[in-house]
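Asker: Mind looking over this structure? Questions follow.
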């Protein structure tokens, strides 16, 4: 049996510890500039590629994604590497100042701060997000330690009472269609109370809104979460925290029967390569409630099927060869069925049986424990 490589995980450092790490980097950089043979020293950071990825069942009995300790050097002299190298140093400078002031910022705020200071080096939010990952891989501390808040787009509703750090109380069962916006504060100082029996993760906001309108959480005591598509970090952090607070509650996911839906479930369940250094802080054992092959065979009319697109096939093949699904034969079987049939189906196809059918469908599957 192939031996697993050493774990490499980002830790949660205090502001003073993080600032000390930045100071050491600066000192080493300056030393290289005044050396006998001056040089702009490369930045050595953990490699974030699939080749440096492993899957391990230490967390919750599943294949959590993590990165090994292999490193690569981000060089100033590499072709087209000057701007990327500069952004990392500028981000280190900003985080150092903000930690000294005791301030937190969002990724979007960092983008505009960098844009103000160095417009010629920054073109997009994606570049800043990548630089944040570079800093995490460089310092080996998580973004909480850098004072960076997660951008949040998710919502939560249902049998959950949240006591905010300031003492405010939010009863998520008394909210309207807007639900409760998930906080981007990754320190999550809130306190939680719940009498739920399930935690339901829903891929789409439209389905989430339907369940809110039907007051599903009243008939089936539950907490309902949506990240409105691909899971943002704040939604993943909340789900992980709820799992720790209420470990006996099954967490189940309702996603489209397509490669994208399964990729969303896998991100909640296993983590992602880009976030490999922080994966254990954001994953939990999410079960696949639906849609699955048996569901679409039973409930989805032929007219509701849609042909797979090229990007669907590319994603499906990527999932099939990924290390996180190495021992997930049922998951791979579902993907293969999608590829063989050349089709996919959305949750909304269940509306062919009436708008009230969605609630009955989920309830029946929960009662029968029809999830994997």
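Yeah, the Cβs are placed from backbone N, Cα and C, and that goes for glycine too.
Remember, predicted model here, so these are calculated numbers, not experimental data.
Under the heading domain 'Spo11/DNA topoisomerase VI subunit A N-terminal', TrEMBL lists 87-148. As annotated by TrEMBL, active site, O-(5'-phospho-DNA)-tyrosine intermediate applies to 112. Sequence annotations record features per position, and here TrEMBL assigns domain 'Topoisomerase 6 subunit A/Spo11 TOPRIM' to 198-365.
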Asker: So how many other Cβ atoms are close to residue 112 (active site, O-(5'-phospho-DNA)-tyrosine intermediate), meaning within 10 Å of its Cβ?
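Answerer: Residue 112 (active site, O-(5'-phospho-DNA)-tyrosine intermediate): 14 neighbouring Cβ atoms within 10 Å.
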Asker: Please list, for the domain 'Spo11/DNA topoisomerase VI subunit A N-terminal' (87-148), how many residues fall into helix, strand and coil according to DSSP.
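Answerer: The breakdown for the domain 'Spo11/DNA topoisomerase VI subunit A N-terminal' (87-148) reads 44 helix, 4 strand, 14 coil.
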